[in-house]
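Enquirer: Right, I'll just put the structure down here and ask away after.
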Ligand SMILES: O=C(CO)[C@H](O)[C@H](O)COP(=O)(O)O
């Protein structure tokens, strides 16, 4: 097979990505999370440069005899998994997903990572399970499917992703026929939509599912759970990049190690 994503080239499609994380920090996070993969398990394989370090580490473990089956969340993660030798399966061919590992574009830096013990947590802003924005790589629809199916969902990030209040544009995957109607609806909600453009093609990004992506700037998002519900209810929206309450832990890599936050 030809080399679609040579590992050395390191997944450079960063145009919608947060700048700033060091490769060492990403590697530490990804490799630490990959240590959670156990023999005989089905593993969701996330998308992006941080998740790629986990995929590579799982590939090395497979070389050493680990028995796993991976479920990729994108064309990119599928190609990388094939390249590093992880046997693949699909969501509809398994009884369940034991563990999924994925990156994020922003992770709300909640003061208390455990909502159950945080008396101040409100229903709308509960930090149980984490509050994330994903979809910088346009893969959030499958990423959310796999995350929701997983018994354990681990987020891998470098410190540049941590933020007190989510404020970056929310990626919204939409049916192509709905780009004007969804844009109008999100403007009514106070958002400013931009149809994501492809870097190496004239025209918009087309997702792995054949859809388009609107990046919607809302400014600081004070009620992410409420916004998530509202966005999901708009006809023509396939999936949005707000991930609320899905995560079991976030592994924040630094140049020196990893901080594990559980929810
Ligand atoms: O959600 C994603 C793709 O849709 C990625 O996980 C997210 O963009 C983070 O990527 P990276 O680790 O390269 O910063």
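Yeah, the Cβs are placed from backbone N, Cα and C, and that goes for glycine too.
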Enquirer: Given the ranges 79-104, 105-130, 131-156, which one is assigned the annotation region 'Disordered' in TrEMBL?
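Expert: When 79-104, 105-130, 131-156 are checked in TrEMBL, region 'Disordered' belongs to 105-130.
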Enquirer: If I go by TrEMBL, the feature region 'Disordered' sits on one of 15-34, 35-54. Which?
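Expert: Feature region 'Disordered' in TrEMBL: residues 15-34.
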Enquirer: Just jot down the residues in the same chain as residue 134 (substrate binding site), at least 6 apart in sequence, with C-beta under 8 A of its C-beta; none if empty.
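Expert: Sequence-distant Cβ neighbours: 102, 103, 104, 105, 140, 143, 144, 171, 241, 243.
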Enquirer: Can you count the other CB atoms that lie within 10 A of the CB of residue 47 (substrate binding site)?
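Expert: For residue 47 (substrate binding site), the 10 Å Cβ neighbour count is 30.
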Enquirer: So if I take the binding-site residues (47, 49, 134, 161) and measure from each Cβ to the nearest atom of ligand 1, which come out below 6 Å?
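Expert: 47, 49, 134, by Cβ distance under 6 Å.
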Enquirer: Look up residue 47 (substrate binding site) in the DSSP assignment and reduce it to helix, strand or coil.
Expert: coil
Enquirer: Check residue 134 (substrate binding site) against DSSP and tell me helix, strand or coil, would you?
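Expert: Its secondary structure by DSSP: coil.
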Enquirer: Per DSSP, what is the helix/strand/coil residue tally across the compositional bias 'Basic and acidic residues' (24-34)?
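Expert: Counts, helix then strand then coil: 11 helix, 0 strand, 0 coil.
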